[in-house]
Structures are given as structure tokens and as C-alpha cells.
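Report on one structure; see the data block that follows.
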């Protein structure tokens with residue numbers, strides 16, 4: 001087997017798969033090094049892709065010809081567009097996936113990728129050349145592979161430890177050993193490191209659940225694919241069911257809280273704020289006597305894992321016997337059998353402030369990091385980072401300039417900027433609220449924002465490039481025609497569109513920004529009604545958002561200018577609309593005396609600053 005490559009990617013999780021595929025698409029001879037081939041693309045925690053903010057990242061991965069969206073479409077068994085009742089900027093495409101089908105889809109897509117080799121092995125050391133740059137990897141069995149750039153996507157494996165109650169053992173995932181030697185090596189290199197934790201709930205036996213007693217949660221009647229390349233969703237679609245914890249559940253948790261790995265002192269690393277364990281929920285929200293649980297099928301019946309159910313909402317590290325009591329206190333699960341108990345896993349991460357915006361370590365050139373090693377949580381966050389790291393590793397190995405994606409261009413850019421400039425104190429999860437440009441960073445326009453650039457970067461294949469060019473041209477033509485075609489009030493009123501009889505002509509874009517019905521639009525512009533739905537939806541959304549986009553740009557300019565505003569010493573950040581609980585806590589702890597000082601509080605996002613500025617103006 002070849003031992004010389006342009007790029008080596010360590011780790012076959014979501015970040016590693018995207019990194020390896022991206023580097024190979026760019027023409028780099030790439031090696032994906034993983035513990036086991038059969039676990040490539042495994043969904044370690046929840047069997048779902050996408051969500052609010054996360055779905056945007058999946059669409060951005062797809063726009064740059066990544067794998068995740070296509071794999072989710074091939075494996076999806078329950079599609080739902082979250083926030084459908086709200087504006088398109090915060091729509092969150094999400095899909096439950098059959099774990100076995102998703103893993104197979106990722107492996108098939110990698111097998112179809114030119115310039116890519118896959119090898120089994122555990123990375124134990126990095127090769128660092130005389131210039132202090134990463135030059136390859138040494139496996140624990142002594143094999144060496146050299147490369148012009150290395151991408152490390154270790155997930156939860158760096159000195160990982162699994163905890164169930166007070167029992168713990170080294171592991172990166174259930175049944176898989178941790179990367180202990182590699183963690184030691186990174187620490188010896190002087191990288192700024194810390195510990196974080198995440199967790200997962202018990203897996204339940206599908207046949208032991210009282211399904212008929214539980215409310216049904218159906219997916220969308222017409223599933224909307226993640227990928228622009230997907231023509232149709234072929235899998236049968238399944239429903240989820242909804243239940244909830246009870247006061248008895250909470251009493252059990254409080255009674256045995258000292259046995260939890262987190263609250264019993266066994267774990268030092270912080271867990272994800274926005275995906276808390278059930279112990280965290282009971283402690284942090286003591287006034288509540290119930291928390292919702294979604295019972296999500298892990299696979300289609302008859303497929304591997306088809307007898308398992310994922311109870312979304314009750315991640316835990318309590319002892320296995322207490323978990324059983326907890327499960328039996330929940331409606332519909334009174335006789336449920338636990339197939340595998342939930343657990344917490346603690347692992348090493350590298351402070352992402354040590355990274356350049358390209359995801360290259362500034363202290364160790366040619367080594368790129370992506371995924372949970374950078375302090376993030378979630379498949380989508382990992383996959384997006386992996387794609388950028390693989391793209392930049394290929395360019396670095398080939399002598400090209402690195403690419404940094406601006407936060408005004410993509411949620412990926414928002415995430416990287418947040419990580420590299422602010423660091424993390426807990427696992428970072430993407431939300432639409434983190435983006436100050438979210439009106440223009442929609443899930444439905446990811447390709448229009450990024451695919452053209454991806455073509456120039458060399459990471460987009462010909463099939464996607466041709467589709468993108470045709471759709472972009474159709475949208476541009478429709479936008480121009482809708483902006484040029486105008487109507488007098490009489491014509492609009494005759495079509496059933498309510499406007500002021502002021503004699504002023506209105507363009508079709510003006511009309512689309514109103515509450516005019518599709519039938520009324522069809523009467524005045526039959527050509528528009530005949531457009532492909534993707535084209536007409538985009539034009540309509542742009543028309544409706546045009547005023548907001550102008551205001552957004554103005555607010556951003558004001559944000560940059562108004563740094564001298566003073567803040568009251570007794571300002572109650574909990575009363576400021578638009579601030580997440582995380583932002584409230586950070587500002588309340590820092591108590592900045594001025595708006596300028598607020599901008600320097602670690603972890604404060606631009607969107608939080610705009611909410612603060614708006615509040616101060618209102619009360620002034």
C-alpha cells in the first residue's frame with residue numbers, strides 16, 4: 001500500500017469523512033485512517049441529521065459537494081421542516097435516519113470518490129519535520145504514512161473515558177478503545193487542551209413499548225430532501241411517538257443524583273448546554289415536573305438496529321439499575337426493556353483559539369483539526385468543519401492559499417469565527433441566533449451562496465456545477481423580469497390584490513412582498529406561476545425579505561459605529577429580548593460598563609450585541 005500521500009485524515013466519523021472526501025475532490029491523493037472500516041459514518045448518538053441551525057450547515061455541506069446531505073436523503077425515514085410557521089431564515093430541515101442505511105450511504109459515497117484510499121489503524125503519533133510542521137502519522141503498530149498535510153478528527157476518542165454511574169473505563173465510544181497515545185502526544189506538543197463531556201440515552205427495545213398509549217408525531221407528508229442532487233426520497237417513512245418524564249421520574253433522579261457521574265464528581269469536563277442530560281434538566285429547571293421525550297426509531301423494521309428506539313431527551317450517566325427505574329416511571333415505558341444503558345463520555349479537546357480561520361493550527365503548521373476536538377458537538381458541526389479542513393489541507397499540500405469563509409457568507413463561517421476568536425467553555429452547538437446575517441443565510445439559498453465559490457475552489461463536481469449554473473441562471477432571469485414588470489393599482493385590484501389606489505405602479509417584486517395569494521399572482525403573471533417551485537420560492541422570499549435585508553445592513557453599520565454607549569450597572573439582561581440564556585449569563589457575569597466593553601466579553605455573539613444595542617436604545 002502507498003505510504004506517501006498529499007493529505008492524511010485521521011478518524012472516520014462525520015468530520016473525517018467530509019475532510020477525506022473534500023481533499024480527494026480537490027485532487028489531493030488522500031488517505032483516510034480509521035480504527036475500523038465498518039464503523040465509518042456511524043451515528044454515535046442520535047439517529048438524526050439537521051435541525052434549527054444544524055440543517056443550514058447540512059445544506060452548506062451539500063452546496064460544497066459534501067456527503068452528509070446525500071447520505072441523509074438515502075437513509076431518511078422521517079423528514080420534518082422545523083419552524084415551518086416562521087420565516088424561511090429560521091426554517092430547520094431535519095430527518096430521522098436509519099443508522100445502518102446512513103453508514104452504508106457514507107461508505108458507498110467514499111468508495112465512489114477518486115484519489116481516496118482507506119486504511120485501518122490506530123494513530124499513535126504525529127510525524128513532525130525539522131521545520132516544526134506536521135508531515136505524517138505513525139500508527140500504534142509501527143506503520144508510517146507521510147503527507148503534505150494532516151487532518152485530525154478524533155471525535156470523543158482522545159483519552160476518552162465512558163462513565164455509567166461511578167463505573168468508568170477508557171473508551172472513545174461503546175466497545176471501541178480510546179486514542180490515548182495520540183492525546184498524550186498532542187499534550188506533549190504544548191497544545192492548549194481541556195476536557196469536555198457529552199452523553200447519550202439508553203437504547204430501548206421497540207417491542208417492549210406501549211405504542212398505542214402514546215401520541216404520534218408524523219413527519220412531513222411530502223419529504224423535502226437535503227441535497228440538491230436528490231430527486232426523490234425512496235424509503236418508507238415512520239412516525240415517532242411522544243411521551244414525557246413525570247414527577248416520579250424527577251424524584252428518582254433527585255434521590256440518586258449523587259450516583260450520577262456528573263453530579264457525583266467523576267467528570268470534570270462541561271457538557272453541552274443545549275443538549276443537557278436529564279439530571280441537568282431536573283436540577284436546572286427544578287420548577288418543572290415534566291420534560292418531553294421523543295421516541296425515535298433507529299432503523300426500519302428488518303434492518304440492523306430496527307428493534308431499537310432512541311429516547312431523545314433523557315441522556316443520562318446514572319447507574320444502569322437507576323436508569324431502569326427511571327425508564328419505567330415514564331408513560332408508555334412501564335414495561336420497557338433497556339438494551340444498552342445510557343452513558344457519558346469525557347474526552348480531550350484543543351482550545352480552538354489555537355486555530356487559524358482555515359482550521360490549521362498556528363503552532364503546528366500543516367496540521368488541521370475538525371469536529372469535537374475543536375470543542376463542538378453534533379454531526380453537522382463536525383461535518384462542516386471537516387469539509388473546510390479537508391479543502392484547506394489539500395490546498396496546503398499543493399502549495400495553494402488557505403480559504404477562510406466569512407461569517408456573512410455561511411453558518412460555517414459563523415461557527416469557525418466564533419470558535420477561533422472566542423473559544424469554548426462548553427461544547428459549541430450551532431443555532432440560527434448565533435448569526436447576525438441570518439436573514440440572508442437561509443437553508444434554501446446555501447447553494448446560491450457557496451456553490452459558485454466551491455467551483456472555483458475545485459471541490460464541486462461537474463454534475464452539481466451544471467445543476468447549479470442552470471438554476472442560478474433561471475433565478476437571475478426571474479428576478480430581473482419580476483423587477484422590471486409593473487402593474488397599476490386597478491390591474492392589481494381586479495386580480496384580487498389589495499393595494500392603495502394611489503396610481504403608483506408596483507413591480508411584481510413589490511406585489512410578491514405582500515400577502516397576495518398564489519392564485520392572484522397567477523392572474524397577473526402566469527409566467528411566474530409556471531416557474532419551477534424552487535425558482536419561484538426563492539424570488540418570493542427575496543422579495544419579502546428585501547426591506548429587512550436593507551435594515552440588517554444598516555444595523556450592522558450602526559453596531560460598528562456605536563461603541564461609546566454606556567450600560568447601566570443594574571441592567572437586567574434577562575429582560576432583553578433576543579438574548580439566549582447563554583448570552584444573558586455571560587453578560588451578567590461580566591457586567592460591562594459600556595457597549596465597547598460588551599463587545600470584548602468572551603463568547604458574546606454579534607447577534608447578541610445587536611439585541612443589547614436595540615434594548616439600550618429603547619430604554620434611553
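Placed from the backbone N, Cα and C atoms, the Cβ positions cover glycine too.
Swiss-Prot annotations:
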type: BINDING; residues: 11, 12, 13, 14, 15, 16; note: FAD binding site
type: BINDING; residues: 271-285; note: NAD(+) binding site
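Annotated features taken from Swiss-Prot, shown on the structure.
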residue : record              : DSSP (3 states)
13      : FAD binding site    : coil
271     : NAD(+) binding site : coil
277     : NAD(+) binding site : coil
283     : NAD(+) binding site : helix
14, 273, 281 as binding-site residues, winner by CB count within 10 A: 14
Fewest Cβ neighbours within 10 Å, where candidates are the binding-site residues 11, 13, 15, 271: 271
Rounded Cα-Cα span from residue 279 (NAD(+) binding site) to residue 14 (FAD binding site), Å: 28
Distant-in-sequence Cβ neighbours of residue 12 (FAD binding site), under 8 Å, six or more positions away: 32, 34, 35, 36, 37, 39, 40, 41, 118
Cβ-based neighbourhood (8 Å from the centroid) of the FAD site, residues 11, 12, 13, 14, 15, 16 excluded: 9, 17, 18, 19, 34, 153, 155, 370, 371, 382, 386
Residue 16 (FAD binding site) and residue 277 (NAD(+) binding site), Cα-Cα, nearest whole angstrom: 27
Residue among the binding-site residues 16, 275, 283 whose Cβ has the most other Cβ atoms within 10 Å: 16
All-chain count of other Cβ atoms within 10 Å of residue 277 (NAD(+) binding site): 28
Separation of alpha carbons, residue 13 (FAD binding site) and residue 279 (NAD(+) binding site) (Å): 28
Pairwise Cα distance for residue 13 (FAD binding site)/residue 285 (NAD(+) binding site) [Å, integer]: 33
Nearest of the binding-site residues (11, 15, 16) to residue 273 (NAD(+) binding site), judged by Cα-Cα distance: 15
Nearest of the binding-site residues (11, 15, 16) to residue 285 (NAD(+) binding site) - Cα to Cα: 15
Rounded to the nearest Å - Cα separation of residue 281 (NAD(+) binding site) and residue 15 (FAD binding site): 29
Spatially closest candidate among 11, 15, 16, the listed binding-site residues, to residue 275 (NAD(+) binding site) (Cα to Cα): 15
C-alpha spacing of residue 15 (FAD binding site) relative to residue 271 (NAD(+) binding site), in angstrom: 20
